Structures are given as structure tokens and as C-alpha cells.
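Novice: Next up is a structure, given as C-alpha cells.
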Amino acid sequence: MKVEIYTDGACKGNPGPGGWGVLLRYNGREKTLHGGEPQTTNNRMELMAAIKGLEALKRPCEVDLYTDSQYLQQGMKEWIKTWKRNGWRNSKKELVKNAELWKSLDNLASIHNINWHWVKGHSGHLENDLVDALANLGIEELS
């Protein structure tokens, strides 16, 4: 099954209250998801959005995942292989930040065939604007 997933994370303060939003599109249908955490970072919410989107898939899929986070996109396309090879340490030999989320995302990604796409945020991209609003709703619902 071919699936499009659009993801976004948001944070009020960094760290601070954060939210994530997801749009899944498949077989002409759409499903949205959102949530939040009271104390987190923007990067953690970007990762959580991708994790929650992939967790929603019930079987292996062909996935086009769209994010406005270069951290997420480059992490999955470029950096993660080196991190794994180096025991989850970066080029400075420091432990990778958010390693537990990266590991979870890597495990989920291994189930699917994923193309990771970067889109410019806040540029009138319809789906990105929708998941941005969902991420902010995740923050609002915390209070």
C-alpha cells in the first residue's frame, strides 16, 4: 500500500510545552493525529510526529514522508547510519541527542520502504500548514 505521511512538531519555548501533528493519506482517505507533551523540545516533537505516523500503519507500506524538519530528514537519510556504526555517538564522540527516539524511529522505518522529503515550513504548503495547526492543537490541549 502507498501512503503519504505529513508530519510537524511545535514547541512554545524550547524546551517547553510541545505538540506534534500527522496527516496520513492512503487509498483516497485521510486520517489526522496529534498530541503533546508538557516539557519537551521542538526536535523531540518532530521525531514524535514521524514515530506516531509510522506507528499508525498496520502493515509494511511504501511511504512518502514529508517534513519541514531538516533535523529529521537529514537524520534519517544521512546521519543515522554513522550514529549506529559509532554506538549512537556523533562526530564529536558525544552521545546522540534524543537517541531513544531515533532508535524507535529507525526500528519503525525498517518495516517500511520510506522516501524522506523535506518541505519548506510556513510557505503555503497546504498539508504542512495542516500538520502545523495539529501540532499547535496538541500544545493547546495540554492546558
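Using N, Cα and C of the backbone, Cβ positions are placed for all residues, glycine too.
I grabbed these lines from Swiss-Prot:
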type	residues	note
DOMAIN	1-140	domain 'RNase H type-1'
BINDING	Asp8, Glu46, Asp68	Mg(2+) 1 binding site
BINDING	Asp8, Asp132	Mg(2+) 2 binding site
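Are these features on the surface or tucked inside, and what are their neighbours?
Specialist: Glu46 (Mg(2+) 1 binding site) carries a helical DSSP state (H, G or I).
In the three-state DSSP reading, Asp132 (Mg(2+) 2 binding site) counts as helix.
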Novice: Across all chains shown, how many C-beta atoms besides its own are within 10 angstroms of the C-beta of Asp132 (Mg(2+) 2 binding site)?
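Specialist: Its Cβ has 20 other Cβ atoms within 10 Å.
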Novice: Using the alpha carbons only, what distance in Å do you get between Asp68 (Mg(2+) 1 binding site) and Asp132 (Mg(2+) 2 binding site) once rounded?
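Specialist: Cα to Cα, Asp68 (Mg(2+) 1 binding site) and Asp132 (Mg(2+) 2 binding site) are separated by 10 Å.
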Novice: How many other Cβ atoms sit within 10 Å of the Cβ of Asp68 (Mg(2+) 1 binding site)?
Specialist: 22
